[in-house]
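According to Swiss-Prot:
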type	residues	note
ACT_SITE	S181	active site, nucleophile
BINDING	A68, G69, F70, D71, K72, T92, N145, N178, K214, T242, G266, G295, Y316, T317	FMN binding site
BINDING	K72, N117, R118, M119, G120, F121, N178, N183, N243, T244	substrate binding site
Amino acid sequence: MTGYHALRRVLFLISPERIHTWVFALLRAVTTPDLLRRALQGRLAPRDPVLASTVFGVRFPGPLGLAAGFDKDGRGLHTWPALGFGYAEVGTVTAHPQPGNPEPRLFRLPEDRALLNRMGFNNDGAARLAQRLTRHTSDAPVGVNIGKTKATPADRAVEDYAQSARQLGPLATFLVVNVSSPNTPGLRDLQAVESLRPILTAVRAQTSTPVLVKIAPDLSDADVDEIADLAVELGLAGIVATNTTISRAGLKTPGVEELGPGGVSGAPVAARSLEVLRRLYRRAGDRLVLISVGGIETADDAWERITSGASLLQGYTGFVYGGGLWAKHIHDGLATRLRAEGFTSLSDAVGSAMRQ
């Protein structure tokens with residue numbers, strides 16, 4: 001048992017949302033002093049040039065970023081590069097502040113190496129995040145994930161997303177339109193092409209920042225194809241695949257059905273996330289940047305996503321179960337694999353297994 005695994009057993013005795021708050025506060029405190037932050041970054045951040053790539057015209061020092069959901073309000077913008085991430089996606093943030101769903105709303109599924117959440121986009125609002133981003137001098141790229149305010153009716157969703165895009169687009173490296181969380185009533189209905197088209201068109205009209213859309217793993221293959229075609233048609237920069245799943249199939253943790261509704265992240269979503277990635281790559285090729293998220297735990301998992309078409313990767317649940325060195329281990333393993341397979345750059349490996 002590693003040191004973190006022993007510590008994790010203790011941390012897992014405390015309620016998930018409470019320990020998240022405590023650990024996040026500790027990480028921010030440790031990475032606030034310049035000297036300590038730079039020392040950590042010097043040891044943990046991806047430095048191997050083989051890992052660097054240019055995506056959206058921006059240099060990413062490593063492909064693995066922190067997924068949306070951990071740092072909803074951009075409170076830890078300096079923290080993530082110091083912990084070895086190549087970038088971070090903050091949010092989901094909505095046009096108006098909202099408290100999210102009642103607690104408890106975050107649960108561990110330890111036998112499945114998974115989490116179940118029904119957070120409901122609890123956040124301080126787009127204006128507050130814009131203030132933080134304005135003050136921030138970036139050590140790494142920062143994406144922003146935007147969602148619909150719960151109180152906004154579906155027929156006003158376009159303006160709700162557009163408002164967030166106006167405020168945050170100029171301050172973000174890239175903008176992700178989240179229409180795939182299962183925890184806001186009716187949100188996933190916006191993935192239907194006839195609903196999605198006006199939202200994406202409006203968001204693109206508000207900003208020159210690269211715009212991506214985040215999709216659910218529970219979509220049918222036909223729906224995945226339609227969204228890929230729409231993204232290409234509208235000139236989107238890419239797709240983030242995938243969000244959490246509402247499926248409970250194959251879960252081993254006792255009592256999971258009694259926990260209530262929510263989205264499952266981590267190992268149980270890995271297979272479908274990979275399937276969706278491969279389908280998107282076959283459909284769109286290099287016309288879209290694909291960011292793969294969902295069930296990435298090891299460097300081998302990361303390698304499979306890269307060679308299946310992902311230019312960038314993300315993780316949240318893997319970080320919770322893997323600990324503070326998780327991102328470094330992924331990046332180190334990827335660098336070793338790239339060289340072993342004869343690649344001189346990460347970009348050359350993207351989609352290589354799909355071209356054989």
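Here the Cβ of each residue, glycine as well, is placed from N, Cα and C on the backbone.
Structure coloured by features recorded in Swiss-Prot.
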{"residue": "A68", "record": "FMN binding site", "Cβ contacts under 8 Å, 6 or more apart": "E89, V90, G91, T92, G143, N145, V176, N178, K214, Q314, Y316"}
{"residue": "F70", "record": "FMN binding site", "Cβ contacts under 8 Å, 6 or more apart": "H20, F24, Y316, F319"}
{"residue": "K72", "record": "FMN binding site", "Cβ contacts under 8 Å, 6 or more apart": "V90, G91, T92, V93, N122, N123, D124"}
{"residue": "G120", "record": "substrate binding site", "Cβ contacts under 8 Å, 6 or more apart": "Q98, G100, N101, R105, K150, N183, T184"}
{"residue": "S181", "record": "active site, nucleophile", "Cβ contacts under 8 Å, 6 or more apart": "T92, F121, G147, L187, R188, N243, T244, G263"}
{"residue": "G266", "record": "FMN binding site", "Cβ contacts under 8 Å, 6 or more apart": "L109, D112, R113, A114, L115, G295, E297, T317, G318, Y321"}
Would you mind pulling the DSSP three-state label for N178 (substrate binding site)?
strand
Return one of helix, strand or coil for A68 (FMN binding site), based on DSSP.
coil
When you measure from the Cβ of N243 (substrate binding site), how many other Cβ atoms are you left with inside 10 Å?
29
Which residues, same chain and not among K72, N117, R118, M119, G120, F121, N178, N183, N243, T244, have a CB within 8 angstroms of the centroid of the CB atoms at the recorded substrate site?
G69, T92, G100, S181, P182, T184, G263
Please list residues from the chain of R118 (substrate binding site) whose Cβ is under 8 angstroms from its Cβ, counting only those at least six apart in sequence.
N101, R105, L106, P182, N183, G260, P261, G262, G263
